[in-house]
Amino acid sequence: MMSNVPRLTIIVLFPIFASLLLPMLPRNGNRIIRWYTPGIRILEFLIIIYIFHCHFRIDYQPIQLIENFNWINSIKFHWGLGIDGLSMGLILLTGFVTTSATPAAWPITRNTRLFYFLMLVMYSGQIGLFASQDILLFFFMRELELIPIYLLLCLWGGKRRSYSATKFILYTAGGSIFLLVAALTMSFYGTEIPSFDIQDLTNKSYPISLEVLCYLGFLTAYAAKLPIFPFHTWLPDTHGEAHYSTCMLLAGVLLKMGGYGLIRINLELLTHAHSIFGSWLVLFGAIQIVYASMISMSQRNLKRRIAYSSISHMGFVTIGIGSLTNTGISGAILQMISHGLIGAAPFFLAGTCYDRTRTLSLDQLGGIAIPMPRLFTMFSIFSLASLALPGMSGFASELLVFPGVVTNKQYSSLFKVAVTVVEATGTASTPIYLLSMLRRIFYGYRPANESNPYLIDFGPRELFISICLFLPILGIGLYPNMILNLWNSKVLSILFSYSLME
């Protein structure tokens, strides 16, 4: 009887159904709402852990927990869900980061009912995207996740929130058009009755010209999400204006959707085209690392500096995916998980810093290490994690990406040396802008700080969130194999299809 339980459907739809109960809570029950939403997210996360622990086999490569329900029979559009090691890791990341981001939103007191409703809807969209096994359902889940972010930006953003929200939706929704056209092309090609099932599309073959066009269409959509240079310009504006709880979800989960789509569809379904464009991905990823690092140094806004840091670190994901090696692709996936944790934490710390200082300008900050030692300690720890300190998860993931390119026999020695030098340059520049940021915020002396009544150090809530984010960063850094084993068989399966082409 239990084998017929739609487990994945439950974890996808549970947050949406729970959000529908928010209007029934007391009209003036902000305190109840603030506890209700974290409770739902914790319960959802526990259900995810239970289902994966009891019903998922790590050593089994094919898609598991498959659920397939007819939706539109005439075009074979199904509610198709299933997971493998790749999607499992990102669903766990989504559950962990969103659960941490909910108590981070407690300072919000305006329209809290709508705010938490949007966060729960976004939660369902994120999990649904990573679990989708139907390419049209994948598209719908991507769009479902965009609408709440747009509204969160418009309603709870900063002074330039309208501009940032419009720019965000133009880049991401504009990319969705290319994704939809490419998905429809693949589904309708060579058949009278189209199928959107990803496993069916894996078994289809396309002319190389059509495959290249579809690849470019998908790549355009993911380039805005990942983001890949030069489709990155929406990200600093969005992070600069969004509330820091929204920034945690953007950095921790949203950016990973681009990398996931690039692996799930471009790398897995369009093998011939990816073998052509792999070197270009490596090249643009290397440029992205250095470019974003240089731009980050010039930023005077704290959140924008962290945003450019995220762009730089996501360049390692692009390089790893383009490397077409087991080490490189595994490193790219690990970098997505690692950055989901490391990238969310600085935005939370920057937001709590703003709550106390009422400024994000690095020129106006300084000398707050003494009145706020716990904030200083956590900011320093996560900055060291971001610059890939050995023993942290960022070090393990970036260490895997470096040899990923070098061990690819298809690339020339000159290309490998050039990419390695550029990667090393970007990595070496990371401590410059991060340590400079710490110096500007915490060191020096400002007499105005002595009379500021808001300079209160971390409370139990902020300290708890910070420690929760730090523990998995440390755990993955000390023993990466505990998470690398999730997708090892999946990566080997993908690379086997490329070996058949040679």
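From the backbone N, Cα and C atoms, a Cβ is placed for every residue, glycine too.
Curation does not apply to TrEMBL; its annotations are automatic.
These figures come from a predicted structure and were not determined experimentally.
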Where TrEMBL places transmembrane segment among the ranges 306-326, 348-368: 306-326
Proximity of the transmembrane segment (78-102) to the transmembrane segment (463-483), 3+ C-beta pairs under 8 angstroms: yes
Segment proximity, the transmembrane segment (6-26) to the transmembrane segment (244-263), 3 or more C-beta pairs under 8 Å: no
Same-chain residue ranges lying at least 6 outside the transmembrane segment (275-294) that approach it to Cβ under 8 Å: 212, 215, 219, 228-229, 232, 308-309, 311-319, 321-324, 405, 411, 415, 418-419, 422-423, 425-427, 429-430, 432-433, 498, 501
Residues of the parent chain within Cβ reach of the transmembrane segment (463-483), under 8 Å, 6 or more residues beyond its termini: 89, 96, 100, 103-104, 334, 337-338, 341-342, 344-345, 348-349, 374, 378, 381-382, 385, 390-397
